[in-house]
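These notes concern the structure reproduced below.
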Amino acid sequence: MREVVAVGKEGQGASPPTGEVQEAGLSTLCPQVCARAALGPGVLWAAAWGVLLLAASAGAQRGRKKVVHVLEGESGSVVVQTAPGQVVSHRGGTIVLPCRYHYEAAAHDHDGVRLKWTKVVDPLAFTDVFVALGPQHRAFGSYRGRAELQGDGPGDASLVLRNVTLQDYGRYECEVTNELEDDTGMVKLDLEGVVFPYHPRGGRYKLTFTEAQRACAEQDGILASAEQLHAAWRDGLDWCNAGWLRDGSVQYPVSQPREPCGGLGGASAGTGGGTASGGVRNYGYRHNAEERYDAFCFTSNLPGRVFFLKPLRPVPFSGAARACAARGAAVAKVGQLFAAWKLQLLDRCTAGWLADGSARYPIVNPRARCGGRRPGVRSLGFPDATRRLFGVYCYRAPGAPDPAPGGWGWGWAGGGGWAGGARDPAAWTPLRV
């Protein structure tokens, strides 16, 4: 039997476990008890009971201490330890989810211990990630070929996860089981990245929860968590439109309080005597199939590169895909532009088409003629796809060659000009200029 803890009242020190109190009392009174031992067993038992009563009384006076005893079988206990806090990686990186266990292998060896990793997808739902029993190891689903045990000696159940994806973000449970006992530990995997608000061409507050998930995925992201949105607010994110988060709640961050965005806040707001305060406004958990809001998406490190392509003449949206394709790239998605702005410090004071039909541009170093005093990705909304003309932001995957390096532009073979717009941009070809 193992004594785990002795708990006292708040503000008082914890007393020794009851067994230790008893031993101290008997040791203190041993001379008197032993001297009376010859008087007979009745006197000895009376003295012993007196010691027990004294110990109980002392324990009560110290604030109703409580001792918890845990039974340990002969096979030994399993104790799992994981890192406190969280581990941080980025998309495409390699990370170790730390987990070690202590196993008193009196009757069994470590080969009889099962190690299991699962991902918490909902409070009561789990997805299998990895299982090991002796020499037999198996990874599941999208973790196949990416997950393996670190295997740093006996007692190491740490999981190595390679080529981290956006979907890997979240909480993982490390479970260690022998024939009779088990224990678990929790590890949280966080990603470096950026949160961005999103709504489609149809307008604001048009997305159900499922549609918000799909919209983020289409823009190279996932729905942000409440923790990620709160961190973005601390970094200055200010957005006065409510959006879905991955836990099914609807929230929005306000760094610059104003009346249309949840009020000025503050204890004395509205009286003229207080200072305004921002925060993350929370609508709580909403009906995810009926109510409609925007979305807050999260994306991480880009494996490739986003660049701005300025043709000889600006193009309508229909010419954007051909322009990027001729450079071995695709039209960039909104999440890719945000990642390039935040993580690759892309700064361009020129609007360009993106894959969803919006026009945006990234500003790292704010200047007055580029949309204000704060850094960010400026949006022109969803301009008319046939009448408005812009350059285009392209995304080239890693390793893809640039078929039109340097000195190349856009035009029609054989020369000619716009001729009042009669030329079809879909027929453009790259030309040496």
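All residue numbers here begin at 1 and follow the chain in the order shown.
Glycine is treated like the rest: Cβ placed from N, Cα and C.
Unlike curated entries, TrEMBL annotations are predicted automatically.
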Looking at the ranges 1-21, 64-84, 358-378, 400-420, which is given as region 'Disordered' in TrEMBL?
1-21
How big is the gap, in Å, between the Cα of C261 (disulfide bond) and that of C370 (disulfide bond), rounded to a whole number?
25
To the nearest whole angstrom, what is the C-alpha distance linking C370 (disulfide bond) and C240 (disulfide bond)?
21
Do you know offhand how many angstrom separate C240 (disulfide bond) and C349 (disulfide bond) by C-alpha?
24
What mean pLDDT score does the domain 'Link' (304-396) have in the model?
94
Can you give me the same-chain residues 6 or more apart in sequence from C349 (disulfide bond) with a CB-CB distance under 8 Å?
Y361, I363, R367, R369, C370
